[in-house]
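Chemist: I have a structure here, written as structure tokens, and I will follow up with some questions on it.
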Amino acid sequence: MASEQTMEGAAAEALAAAGDAPFLGLLDVLLLAALIGGAAFYFLKSRKKEEEPTRSYSIQPTTVCTTSAADNSFIKKLKASGRSLVVFYGSQTGTGEEFAGRLAKEGIRYRLKGMVADPEECDMEELLQLKDISNSLAVFCLATYGEGDPTDNAMEFYEWITNGDVDLTGLNYAVFGLGNKTYEHYNKVAIYVDKRLEELGANRVFELGLGDDDANIEDDFITWKDRFWPAVCDHFGIEGGGEEVLIRQYRLLEQPDVQPDRIYTGEIARLHSMQNQRPPFDAKNPFLAPIKVNRELHKGGGRSCMHIELSIEGSKMRYDAGDHVAMYPINDKSLVEKLGQLCNADLDTVFSLINTDTDSSKKHPFPCPTTYRTALTHYLEITAIPRTHILKELAEYCTDEKEKELLRSMASISPEGKEKYQSWIQDACRNVVHILEDIKSCRPPIDHVCELLPRLQPRYYSISSSAKLHPTDVHVTAVLVEYKTPTGRTNKGVATTYLKNKVPSGSEEVKVPVFIRKSQFRLPTKPETPIIMVGPGTGLAPFRGFIQERQFLRDEGKTVGESVLYFGCRKRSEDYIYESELEEWVKKGTLNLKAAFSRDSDKKVYVQHLLEQDADLIWNAIGENKGHFYICGDAKNMAVDVRNILVKILSTKGNMSEADAVQYIKKMEAQKRYSADVWS
């Protein structure tokens, strides 16, 4: 508008000058006419632009006032925009951030305007000032990661409240934790933060909520927040919640005129980072690693397990045996096309989604501008099971009332709705494409689908090689994920399907974007220390690296302690991976191998059974010779069974009570002598 005012001012000055002059020359008249005409044209054009109808949905965007997003003061942002609710998240895979966003949006219903904040980007000492804002509330959605650790972005905050002794009197807070009961340190971070904030004088407004990703974390969350809001209203004396309004967090801007070299084509952060590679390489700047080898490990049985060798030469990335390699996959192209068709979208349209909360440090949900095709291929998790808030928003686009009611019901907290969500969505393994295929009257705009879907996350694999032997190569061992669903569809794992097709051929290089994540899963610093490894199936992966390293040290003439591996698979003739390598290490005296083939005999034998038979060997290694014990693989059954067997062995062979045996393992964990790299 500033330029519009300048033009109007110039025209007014010209008129004033004309009034004072005794007469107007021809040149003056022409100049004056041009100025007035130009101003009129500009004004009318601007008006016309303003009056053009914008695309409207039943779910309207919000508008929020602004301060500088680069400022790390969340207090300034709250005050400048008249907000009193701040929801912090500690998130490794995006779920904690998603839950935080949902809580902040819902605050409007309860007269608590909210904002989402990443503790890593905030001056968390400002929590001391939050009490100065009327009806203020801090909510923490915190995931527990690894061996009971805070997520990377919450680490600094966690250490601050752990080591500091600040006075948080007057701070109103609530905590919701994201964890998984199959892991030993279930929701350790949220439990600690909830307790610690109270110790520091803060006021708990509502009880700690704990979400279990092994069961139904979505149900845990919506059940908790359904009780959380009434408690908040009661605490602040707010009269109930208003009518629920579904609010768009991002506004659509289609950009047909953007230069092609300004459009993101799959980069994680920096534009052209895939073409113009430069270190250091990390989660925001992955290295495009050429695949040197991609071969099948299974010899039969209908399943597939890949051995992949990635070259990291020239990347300056380093790894140790036991670390993880992370890979950014892409979605199946046919699934992307199908989703585009179901939303009647031109997938090659260039667009940006712009956060309507201008105070948020997150300007876009993914790199923009880009095309819908790129967003659905590289940036969005289209095969994930949708959470209930997605169903609630999709329901608004149903033209059939019965279908609208079905989606709304599954998004509700009623027992019938929860049961239906469990059976129709979770048990049936329906993703967003399946839902739109089966709910035929639901045709949402593609930009809203892009807003609702979570970000596509990197997939982590235990590195199955040793840098001592392969300093410029990283080996990966991965089972192809593919299964039939109750609806008769075939669901495929995003990353393993992507990798399966990445087979090098001829002179053309095949590359995948990767980075290294350091791990606590480490060989003993002294090579002579004995180790016991339990790794059925692809749980063998990190131990292959361990054994390679111990063989390398032996070849150098160093003394190496006993290495015992408990490996298991279905059939020796089908899925005994790395058979020849393992047998060779046994022959050389580097490895003591105990293998269980569960389907090669009438009675199923698993690694757990072999461990029970070897009580003396295990006690000798870890009880008498202070050896290290490692588990890799399934967290839900195998890892729990193995830990229980170890408790039993320690009790009987070490003459301990069960409680003392449990404490012995905890002490081993603290000394890094007991390590688990498990997944559920």
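The backbone N, Cα and C atoms fix where each Cβ goes, and this holds for glycine too.
Pasting the feature list from TrEMBL:
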BINDING   91-96, 143-146, 178-187, Asp213  FMN binding site
BINDING   Arg303, Thr538, Ser598, Arg599, Lys604, Val605, Tyr606, Val607, Gln608, Asp641  NADP(+) binding site
BINDING   Arg459, Tyr460, Tyr461, Ser462, Thr477, Ala478, Val479, Tyr483, Gly493, Val494, Ala495, Thr496, Trp679  FAD binding site
DOMAIN    85-229  domain 'Flavodoxin-like'
DOMAIN    284-524  domain 'FAD-binding FR-type'
TRANSMEM  23-44  transmembrane segment
Chemist: Most Cβ neighbours within 10 Å: which of the binding-site residues Ala143, Val479, Ala495 is it?
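Modeler: Sorting the candidates by Cβ neighbours within 10 Å, the top entry is Ala143.
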Chemist: Cα-Cα separation of Tyr461 (FAD binding site) and Ser91 (FMN binding site), in Å?
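Modeler: Answer for this pair: 19 Å between alpha carbons.
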Chemist: Measuring Cα to Cα, tell me the gap between Ser91 (FMN binding site) and Thr477 (FAD binding site) in whole angstrom.
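Modeler: So the alpha carbons of Ser91 (FMN binding site) and Thr477 (FAD binding site) sit roughly 27 Å from each other.
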Chemist: Which residue, out of the binding-site residues Asn180, Thr477, Ser598, Gln608, shows the minimum number of other Cβ atoms inside 10 Å of its Cβ in this structure?
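Modeler: Candidates: the binding-site residues Asn180, Thr477, Ser598, Gln608. Fewest Cβ atoms within 10 Å: Ser598.
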Chemist: Within 10 Å of each Cβ, count the other Cβ atoms and name the one among the binding-site residues Arg303, Arg459, Lys604 with the highest count.
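Modeler: For the binding-site residues Arg303, Arg459, Lys604, the Cβ with the most other Cβ atoms within 10 Å is Arg459.
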Chemist: For Tyr186, Tyr461, listed as binding-site residues, tell me which one has the smallest number of other Cβ atoms within 10 Å.
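Modeler: Among the binding-site residues Tyr186, Tyr461, the lowest count of other Cβ atoms within 10 Å belongs to Tyr186.
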Chemist: Averaged over the whole of the domain 'Flavodoxin-like' (85-229), what is the pLDDT?
Modeler: 95
Chemist: Provide the number of Cβ atoms within 10 Å of the Cβ of Gly493 (FAD binding site), excluding the reference atom itself.
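Modeler: Taking all protein chains shown, Gly493 (FAD binding site) has 18 Cβ neighbours within 10 Å.
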Chemist: Within 10 angstroms of the C-beta of Trp679 (FAD binding site), what count of other C-beta atoms is obtained when all protein chains are considered?
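Modeler: If we count other Cβ atoms within 10 Å of Trp679 (FAD binding site), we arrive at 16.
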Chemist: Among Arg303, Arg459, Val479, Ala495, these being the binding-site residues, pick the one whose CA is nearest to that of Ala143 (FMN binding site).
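Modeler: That would be Arg459, nearest by Cα distance.
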Chemist: Near Tyr606 (NADP(+) binding site), which residues of its own chain have a C-beta under 8 A away, given they sit six or more steps off in sequence?
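Modeler: Listed in sequence order: Pro536, Gly568, Ala596, Ser598, Met638.
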Chemist: Run through the Cβ atoms and count how many others sit within 10 Å of the one on Gly94 (FMN binding site).
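Modeler: Total other Cβ atoms inside 10 Å, all chains included: 16.
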Chemist: Any same-chain residues 6+ apart from Tyr183 (FMN binding site) with CB under 8 Å of its CB? Would you list them in sequence order, or say none?
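Modeler: Listed in sequence order, they are Thr144, Gly148, Ala635, Val678, Ser680.
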Chemist: Measuring Cα to Cα, tell me the gap between Gln608 (NADP(+) binding site) and Trp679 (FAD binding site) in whole angstrom.
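Modeler: Rounded to the nearest whole number, the Cα-Cα distance is 17 Å.
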